[in-house]
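Annotated features, as they stand in Swiss-Prot:
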{"type": "BINDING", "residues": "Gly112, Leu131, Gly132, Asp133, Phe134, Val135, Leu136", "note": "S-adenosyl-L-methionine binding site"}
Amino acid sequence: MRFDVITLFPDFFTTPLNSGLLGRAFNKNIAKVNLVNPRNYTTDKYKKVDDESYGGGVGMVLKPEPIFAAVESLPTLSKREVILLTPQGKRMHQGLFRELATDYEQLILICGHYEGIDERVQYLVSREVSLGDFVLTGGEIPALALINGVVRLLPGTVGKAESLECESFESGLLDYPQYTRPANFRGWKVPEVLLSGHHAEIARWRYQQQLQRTKSRRPDLLKNDDN
C-alpha cells in the first residue's frame with residue numbers, strides 16, 4: 001500500500017509514522033508513505049499557496065494550482081483513490097478502512113488548511129472524508145487517523161488475525177472488557193468466568209458484554225449498516 005500525503009506540514013507526520021505499530025509496518029515495507037508539500041509546486045517567487053476568497057469572507061483559501069501540480073507529479077498505480085480530508089466529507093468508520101485496505105494500492109490524501117480549499121480541487125478527488133462533526137486546524141490529524149486505520153488492517157501489520165476480528169466495530173459491536181493480572185486489584189476482581197478456562201462460557205460472556213456495552217454506549221451501531 002502506498003500513501004501519498006499532500007500537506008503543507010510534512011514534519012507533522014514524522015514521529016507518528018515512525019512509532020509503534022505504524023513504524024514497524026513501514027520498516028517491513030508493508031506500506032509506504034510519501035509526504036508532498038504543495039508549496040514546492042508553486043510558480044511564484046513567494047511560494048504562495050493561498051489567496052483571498054472570491055465574494056469576500058474571512059480567512060484564506062488554498063489555491064488549486066499547487067494541489068493539482070503536486071498530485072499530477074505522482075506515479076499512478078492501477079488501484080488509486082484520491083481523498084480530500086475535510087469536515088464536509090463522510091465520517092470515517094471501520095468499514096471504510098476495510099474497503100481502502102482491501103480494494104486499493106495507492107491512497108492520495110489531500111490535507112486541507114486555512115479557511116478551506118478551492119472547490120475546483122473536486123476535479124481531482126474521488127471522495128471526501130471527515131474525522132467527525134467538528135473542525136480542526138487542518139487535515140493532518142484526520143490523515144494520520146486514516147493511515148493508522150488502514151495500515152493496521154494490511155496483512156503482516158498485526159501479529160494475529162484474530163486480534164483484529166475481535167476488536168470494536170469489526171463485528172458491528174464494541175469490544176468486550178479486558179483484564180490482566182492481578183486477579184484482585186483494590187478489591188475489584190476479575191470476573192470468575194474469565195478464570196474458569198471454559199472457552200465456550202468465556203466466549204458467551206464476552207459476546208453478552210459486547211451487546212450490553214454497545215446498547216449502553218453506542219446504540220446507533222445496532223441500527224447502522226456502515227460498520
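Glycine is treated like the rest: Cβ placed from N, Cα and C.
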Among Gly112, Gly132 [binding-site residues], residue with fewest other Cβ within 10 Å: Gly132
Same-chain residues at least 6 apart in sequence whose Cβ lies under 8 Å from Val135 (S-adenosyl-L-methionine binding site): Pro87
Among Leu131, Leu136, the most crowded of the binding-site residues [Cβ within 10 Å]: Leu131
Span of Gly112, Leu131, Gly132, Asp133, Phe134, Val135, Leu136 around S-adenosyl-L-methionine - largest C-alpha separation, Å: 16
Under 8 Å by Cβ from Asp133 (S-adenosyl-L-methionine binding site), counting only residues of that chain that are 6 or more apart: Pro87, Arg91
Shell list (S-adenosyl-L-methionine; ref centroid = CB of Gly112, Leu131, Gly132, Asp133, Phe134, Val135, Leu136; cutoff 8 A): Pro87, Ser130, Pro142
For Leu131 (S-adenosyl-L-methionine binding site), the three-state class that DSSP assigns: coil
Phe134 (S-adenosyl-L-methionine binding site), number of other Cβ atoms within 10 Å: 7
